[in-house]
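Per TrEMBL, the features are:
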type	residues	note
DOMAIN	13-60	domain 'B box-type'
DOMAIN	67-109	domain 'B box-type'
REGION	288-308	region 'Disordered'
COMPBIAS	297-306	compositional bias 'Basic and acidic residues'
Amino acid sequence: MALSDSQIPPDAQHYLVCGTEDCEKNCQFYCNDCHHPMCEQCRDEHQKNRKTMNHEVVPYKQRKRQLPMQKCKIHPTKDIDLLCEECQIPLCSKCATTKKHRGHVFTDLEMVFTEKCSSCNADITKIRSYFEPTSQDLKQEIARDVTEIKKIMEGIRKSVKAESEALKKLVDTVTSDKMEQVDKIEHSLLQTLNSQNQEIDDYINSLNDLVRTFYGYLSPSNIEQLTVALKSENLIIRPIPETSKPVPPIFTAGQYSKEDVAKLLGKITVPNIKPEKRKIKPMKTVSIQLKPTGKQRKQEREKSDVKQTLSLSSSVTKVRKYTVPGVGYVSHISLGKSGRLWVSDTLGNLVQIDLQGNLLQKIQTSGGFGYHTVTQDEDLIYTDMKNKVINRITPDNTTTELIKTGDWEPVSIHSSYINGDILVGMFGKVTRYNKTGTEIQNIQRDDKGQALYSLPRYITENIHGDVCVSDFNNGVVVVDKSGQHRFSYTSQRSGFFPWGICTDVLGHILVCDGGGGETVHLLDQDGQFLSLLLTKQQGVKSPCSVCLDDENNLWVGQLDTNTVTVYKYLQ
């Protein structure tokens, strides 16, 4: 069914013919007084005509909609052309004079209709220009979330399968050990019984020998034999050897349930946190747009073009050097946004200094490697490996216990600058918590069931949300945010011994080699070796800790001194 003129969308692409008789040109204009569509030529003639020269002729899309003509049912000769404001019903001019509507206010129905049409057109424009495209953007975002959720869930499936395979291998190993134990016990018991059996055989043989001797004495062939028998004292019957019955082992079936096995395979939990609402971009209002000032343009350019303008410098420049009081050496550095930094050694000395090197405060902890970090709120959080907890110190120096890690000893920690999550390296795994301390993810094995971590001494995150770990035995281990193993880096150089690790705005990974090389390795975001960024030639000896500040300067701490050196390697 074809749409009437009033039903055709205002933004529809359709061909309109001029309403003048015998004119088939394209309609471009509309006379609001005559309610007549017309082409450009007919418009010119219409405006030249004395009778219509004062008519309002507008572009077709801006036309006034024609009010449908309808006769009054009470007064059939009258058109309905008024609206009673109080009763909110359309009526004719004669109905307006009746007693029912006496004293009421009336409005021209065509004017009301025109206003309503304008309002509808404005709403249609809003729908087409904002609400519909914004909704489509949300659909695309939801589709991306669907893809991401499927990827994460597939990762969880692989992790569960890997845990299952590892558990099966462990069960097979334990079963083999049990069978070997059973074989040994059986061999020992049978050996004892065979020995008893042989002893009885030997006894029976001795009895038979004794019987034969006795028979010989009963019928002696001469006096000499009888004399020998009378003098013999050894011809006595020995008692039957004592033997004992074997004590067989008893098998006690293991006490386990489906829930026990489920615990061994890890757990899948949905974090008890309020879902983040999707951002809906605000609707732009029609207004005069002011041009940004030169300063604003510069700031916007600098903010949006950081990645394009930064690149690796041809040389590394030493910027400054700090002596850190209160520590024996610098095993880890945590930088905040307040111009203050936290520095520690492995002996439990944790100090805060300002950018002039002044000691602000000192805390005695249980010590460790990369065991502290600064959050987005400028809180210091640090691990207590001995008590298996993670503590938080707020800027006003209030200390609280944030997380208990149960049976797992927390070794390293990092607060995400992307979403505030807390990443904790423990013996054999990495656990992700949200900023309030709720556990939301565990990462232990790759998709082949192999353990990813042994001792994750330092941990950080790159610009894509990948978790980067410096592990005592396994080198640099990188997984994506869903926990899937991306790559490991152990270096082709002999004696690679990874310590502190950090990442920069270009996605590079920087890791200290505390082994024979005593260097800082620079890797790309996919784990490919790029260069030795710092070596002994730059005065670096036993580099242990690294981090970057907001100006992309590299801070390096060393094991042989309590100084921190700052370098610039990006330009």
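Glycine is treated like the rest: Cβ placed from N, Cα and C.
Caution: TrEMBL annotation is automatic and unverified by curators.
Here the domain 'B box-type' (13-60) has, by DSSP, the following mix of helix, strand and coil residues: 10 helix, 11 strand, 27 coil. Taking the domain 'B box-type' (67-109) as a whole, pLDDT averages 90 in the prediction. In terms of DSSP helix, strand and coil, the domain 'B box-type' (67-109) has 7 helix, 14 strand, 22 coil.
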